[in-house]
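Here is what Swiss-Prot records for this protein:
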type     : residues                                   : note
ACT_SITE : 23                                         : active site
BINDING  : 23, 210                                    : Mg(2+) binding site
BINDING  : 24-28, 36, 40, 68-70, 72, 74, 191, 197-199 : substrate binding site
ACT_SITE : 71                                         : active site, proton acceptor
């Protein structure tokens, strides 16, 4: 992995957390006369490249939208193939994750996942728990609407049980009940494949995230593409509701 981040200029501000929608696997396969499952397999290879590049650039967290709750509505054959691919990919990538000191986490409604997928995830999370490099978060059977509904349900139970007062519910308490509790909000969102929407992904967490869209299909997204996105992110002014003058004044203090 050495050298993956060498081409970034020293002045570039690297996002701590990147959220990623890996779109375009099916179209990539169709253009080449291949089956959709072959496009998804190529997408796994692209994620491996992106992981190494992100770690080389100094990114601490990368959350990949791997399978949404809406994806359960895809043809049964494709869903079955994707589930098998998840198991194979996790098993095959374990050595690479360990070698590159990458920690694996996952978020989503795991109750809908097949048992072998859950077992593979649990094994990967357990075996990489001690790694201290980049954290890869797989969003599997995930959507923001599912997540917020789950948060509301759990907080409602706590109010009913008397452990939480309605007046105690604030932004911090909601954040503490999210699937991503303990993980910083994304600084940069990247979506490949040409679509310009976030597709029910980390909607609470991305309140102030910088959005980057590219026409590049996911299997073609390489290290140079990632670095270009980071450099674009670095050129933007993140104000978080403040004015440019307030940001400049704050920066001048340091």
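Every residue, even glycine, has its Cβ placed from backbone N, Cα and C.
Shown here: features listed in Swiss-Prot, placed on the structure.
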{"residue": "23", "record": "active site", "Cβ contacts under 8 Å, 6 or more apart": "191, 192, 193, 194, 195, 217, 218"}
{"residue": "24", "record": "substrate binding site", "Cβ contacts under 8 Å, 6 or more apart": "192, 193, 194, 216, 217, 218, 219, 220"}
{"residue": "26", "record": "substrate binding site", "Cβ contacts under 8 Å, 6 or more apart": "36, 39, 40"}
{"residue": "28", "record": "substrate binding site", "Cβ contacts under 8 Å, 6 or more apart": "39, 42, 43, 217, 218, 219, 220"}
{"residue": "69", "record": "substrate binding site", "Cβ contacts under 8 Å, 6 or more apart": "108, 109, 112, 141, 142, 143, 145, 146, 200"}
{"residue": "71", "record": "active site, proton acceptor", "Cβ contacts under 8 Å, 6 or more apart": "79, 82"}
{"residue": "72", "record": "substrate binding site", "Cβ contacts under 8 Å, 6 or more apart": "79, 112, 141"}
{"residue": "198", "record": "substrate binding site", "Cβ contacts under 8 Å, 6 or more apart": "21, 189, 191, 206, 211"}
Cβ neighbours of residue 210 (Mg(2+) binding site) where a neighbour is any other Cβ within 10 Å: 19
Helix, strand or coil at residue 71 (active site, proton acceptor) [DSSP, three-state]: helix
Other C-beta atoms that fall within 10 angstroms of the C-beta of residue 40 (substrate binding site): 22
Coarse DSSP state, helix versus strand versus coil, of residue 210 (Mg(2+) binding site): strand
Local backbone state of residue 191 (substrate binding site), from DSSP in three classes: strand
